[in-house]
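As annotated by Swiss-Prot, active site, for beta-ketoacyl synthase activity applies to C178, H313, H353, with the evidence given as sequence analysis. Sequence annotations record features per position, and here Swiss-Prot assigns active site, for acyl/malonyl transferase activity to S625 based on sequence analysis. Positions annotated as domain 'Ketosynthase family 3 (KS3)' by Swiss-Prot, on the basis of sequence analysis: 7-430. Annotation comment: Swiss-Prot describes 1042-1116 as domain 'Carrier'. The O-(pantetheine 4'-phosphoryl)serine annotation in Swiss-Prot covers S1076 and rests on sequence analysis. The region 'Malonyl-CoA:ACP transacylase (MAT) domain' annotation in Swiss-Prot covers 539-796. Residues or ranges marked as region 'Ketoreductase (KR) domain' in Swiss-Prot (evidence: sequence analysis): 804-943.
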Amino acid sequence: MEANDSPHDVAVVGMGCRLPGNNNTPEELWRSILQKVDASSEIPRMRWEPYQQNAQNARSIGKVPRRGYFVKNLENFDAGFFNISPKEAEQMDPQQRLVLEVTWEALENAGIPLSSLSGSDAAVFMGVNSDDYGKLLLEDLPHVEPWMGIGTAYCGVANRISYHLNLMGPSTAVDAACASSLVAIHLGRQAILSGESKVAIVGGVNAIFGPGLTSVLDKAGALSSDGRCHSFDDAASGYGRGEGAAVVILKNMAEAVKDGDHILATLKGTAVAQDGRTNGIMAPNQKAQELVARKALDVARVDASTIDYVEAHATSTPVGDPTEVSAISAVYGKGRSPDKPCYIGSVKPNVGHLEAGAGAVGFIKAVMSVQKGILPPQANLKTLNTRVNWSEGVQVVQDIEDWPSSGYPRRAGVCSYGYGGTVSHAIIEKYIQTGPAIYSKEQWPKGTQVLLLSSPQRRSLETQAATQAEWMSTVGKQNDLRCVAATLGTRRSHHKYRAAFVVESHDDAAEKLNAFACQTPTKWTTSGGKPEGDDRPVVWVFSGHGAQWTDMAKDLLQYRVFRDVIESVDILVQKEMGFSAIQAMEMGVLNGSDQVQVLTYLMQIGLSEVLRSLGVSCGAVIGHSVGEIAASVAAGCITPAEGTLIVTRRAKLYRRFMGAGGMALVCAPLEQITIEISTQNVNNLVVAINSSPSSCVVSGPKEEIEAFALNLNNKGIKTIHVDTDIAFHHPMLGELMEPLAEALVGYVSPSQSKVAIYSTSASDPRSTMDRGIRYWLDNMVNPVQLTSAISAAAEDASPLAPIIKKILSMESRGATIQAIAIDISSHDAASQLSSRIDDLCFPPIRGVVHAAGVLHNEHVLSVTPDSFERVLAPKIAGSLTLNMLFPPKTVDFMVLFSSCGQFFGFPGQASYASGNAFLDALATYRRSQGDNTIAMQWTSWREIGMAAGSEFVRAELATKGITDISQEEAFQAWMHVSKYDVDHAVVLRSRALEKHEPLPSPLLVDIAIHKISSILTPPPTPPLSASSDLLPLPRNPADRFDSLSRQVRECVANVLQMETDEVASQEPLSNMGMDSVMTVHLRGRLQKSLGVLVPPNLTWSHPSIDHIVKWLMEKTNDKE
């Protein structure tokens, strides 16, 4: 059988749909098709209600066909899931809402986490041809709102998907009438093959909200009198309109194979054309339909005789069906024997004619047919159309049939035609896997599994659990529980709110999921929000000898990934050691210390790959004794084969010492045990491992270890025997160094580490020594410095680590850095500092920088003498101390770190501004004495300094259009200012620089005007809002906060059209759907409710309700 190996092939990896008859998944649609279900019904009562208000329209509506194929509860939409406010959702065409949800479902069906697509070149092409909802909204002129533009535009159907999923590839709505969605599939295939995109989201949508187009189609003779489709039937007289959405996920074939995607089918070729001038623009053209099919076959590079099934457009019109069947017969039926016809069918009698979405629905049906090997039966077919010649090699599928057997892969064609003349065709083929599956259930152990669910909203978890429970107890039983767990764990986006279920079977899973949905979770269920800081890199620590246990790795062998790793080096193990690692692990046998060393290493490298396959990675590695070999493999320093040679050849040499040595874990610090060894005169013992600050491991001859351990236990020092008969890391192993070096010559070629690696063999845990032969000789004999390695890793993860590295770098270049800790504001600070400087014997100090400060935000009326002094002390007393020690003209420069905050009058910073004003005055004084002193009035420094940790300060600066500066920019400003004879310099960074806009001129014009105005005229009494009966705010701070929080929540809820209890105080407003237009309305409501002037960028600088309330606390305090 031929394989899918053409470079023109595109993988179909996911599908989703929302169709009439509660067909909300492709599987539900398939079952409906097999059962010949006709999902037609009366139109929902409320759909045309707005048109009933006009008497003339109401009379005409009675003549419009009321039957068709409709989606129930089309008004339902989980707006919060997509961070869309209810207000904006109300003004979005339901077609946009529908494709958002179905696209999400299709991507989940594809097993593509949304995070993996964010920022990618993924394309979106969506067919759309109806704007019923837009007419309803935009023709109601008095109530037109800003969101109705994008909310009703065709482009919004595709663009919203790209926007909400953060996709950067092409994004286009496609209007080719009833061919729209198959044309979208064609464009998606082209985008992938051209290299423009790796993934394409394609499909179409239709929603019926007005009688206009239905009336047009009825008068044109396109609709059936009973609102049903009767494809290929002699009674066919038109179609029944259908609504819904169908979405298909296409992917570059090579990428899909590499990523281990579940490929549903292969898209071999597509073609799009126009039928030109015919008897009328809406009349079909048989020749054009034939030509586009032949073109698709040419693109697919397959012969028409290998196509066993064609999913026809088949709109049930008197002219359309005979024309299309004739075209299919001419292309696919020619030369076929009566017993091997080309089968045809159409999905329209099941779910209606979705017009712009019709082609994608037919495509989904055809994919499922080639995938399952079943030809599905035709619904609503009683008598074959007598206007068709059925003896020309085609046959309608009337009952469920197995796909005909042949010597080629199952292949199908899909037709879709638009009434404007667009004709389109696609060729699909069963996907044939040519190599071993990258991901399969064999990777996962049988038995207990963990099922993971997550959602952006807490309440949605219970709904998800109920849906999953129903699936588990029905169609989900056909799926291996291991595969279900793997998909939920590794091929889903993981959101803020999560739940995990430990399950033994499908029934057990359904029971626990249902219990969670009913808010009665069992003890084997856990849920909660995503923990903060869980994205920090982790350190993998590889244990040493003694951590082994019986049956170690036995269960892990059920993981395909783990077994592959062990099998890849098992031949080496057999050759070097004389036993099979696979067999030893399967039997759970550990024979001797030499075998334990090897199996411990193999266990570790296998487990590393299992973790990586589950998406777990490390930021650094540490190896304990023999664990350093596996750690080096995990870090990429050596290959698994090199590590195997090191551990096996060393293990063979260890055999010389087996039975002669021993080790003991002592629950006491290394320093204490070193003294014990000395006082007990057991000089053959050494501390081999510094395990932790409170424990260590002693190594030496067997008898002496046993006697030493007994003595320590008698003294009350707990000592535990280590399961080994070799004295690892003892000097006696020194005689093995030369033979080990000879055994490894030419077999180890170390590489640069791909992650941080901390040494436990070198004296410096951060040693960059390569993992060559010399390193492994040291690893065998040197003591294990585990405590030092862990401490180094912990230090390097600290925020101080970069600063320490900078200091060390400066010292390596000859600088001497000395920290002196004193209270610069104390009365004797000058004498303390002078004495300490003298002790250092430094050369004369030539420059001084004063950067001390305390930030304590407090309303001016709440300032106490103590709090005022606490803020002023480092500024005033500290600078006076330096002025006393280094009088004017005794140093080359003095720089005083002041702040720009005093210019802007930040609420709550009166004390801080006073302290900085003193620094400014001191700079002026020293300059007047001929000294080179300057006060730098800084904006916030990025990631350093007091303001860097203050969201309040950043937000206040942002209202002035000012951003923070990097350290590099700060020092550049400092160097620049030092060229001028000035006592003060204000350093600011305008946001205009980031937007490449011209700077405001003058930069601080608003401050200047404010200061001049305040001098010339008394401040006016601020007017109350139009509603002069503003509610007074409580004076108690806690009550005031609660009152403001309630009022802000009400304002936000009103703007977003949400219930007040649905508005989360700590959630960013943008996550609830607040956009730039809504912030204007919110600003107006806040000003009216609270009588406070609100800046235009309030929600940008104060992104949540809590942030806004904190800001209002300051502003309303100022009003008292």
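Including glycine, each Cβ sits where the backbone N, Cα and C put it.
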All-chain count of other Cβ atoms within 10 Å of H313 (active site, for beta-ketoacyl synthase activity): 31
C-alpha spacing of C178 (active site, for beta-ketoacyl synthase activity) relative to S625 (active site, for acyl/malonyl transferase activity), in angstrom: 69
H353 (active site, for beta-ketoacyl synthase activity) and C178 (active site, for beta-ketoacyl synthase activity), Cα-Cα, nearest whole angstrom: 8
Around the Cβ of C178 (active site, for beta-ketoacyl synthase activity), the count of other Cβ atoms that are within 10 Å: 28
Secondary-structure category, per DSSP, in which H353 (active site, for beta-ketoacyl synthase activity) falls: strand
For C178 (active site, for beta-ketoacyl synthase activity), the three-state class that DSSP assigns: strand
For the domain 'Carrier' (1042-1116), the number of residues DSSP places in helix, strand and coil: 53 helix, 0 strand, 22 coil
Across the domain 'Ketosynthase family 3 (KS3)' (7-430), average pLDDT on the 0 to 100 scale: 91
Count of other CB atoms lying within 10 Å of the CB belonging to the residue listed as 'active site, for acyl/malonyl transferase activity': 26
Nearest-integer angstrom distance between the alpha carbons (Cα) of H353 (active site, for beta-ketoacyl synthase activity) and H313 (active site, for beta-ketoacyl synthase activity): 9
DSSP-derived helix, strand and coil totals, residue by residue, for the region 'Ketoreductase (KR) domain' (804-943): 68 helix, 20 strand, 52 coil
Cβ-Cβ neighbours of H353 (active site, for beta-ketoacyl synthase activity) (radius 10 Å): 32
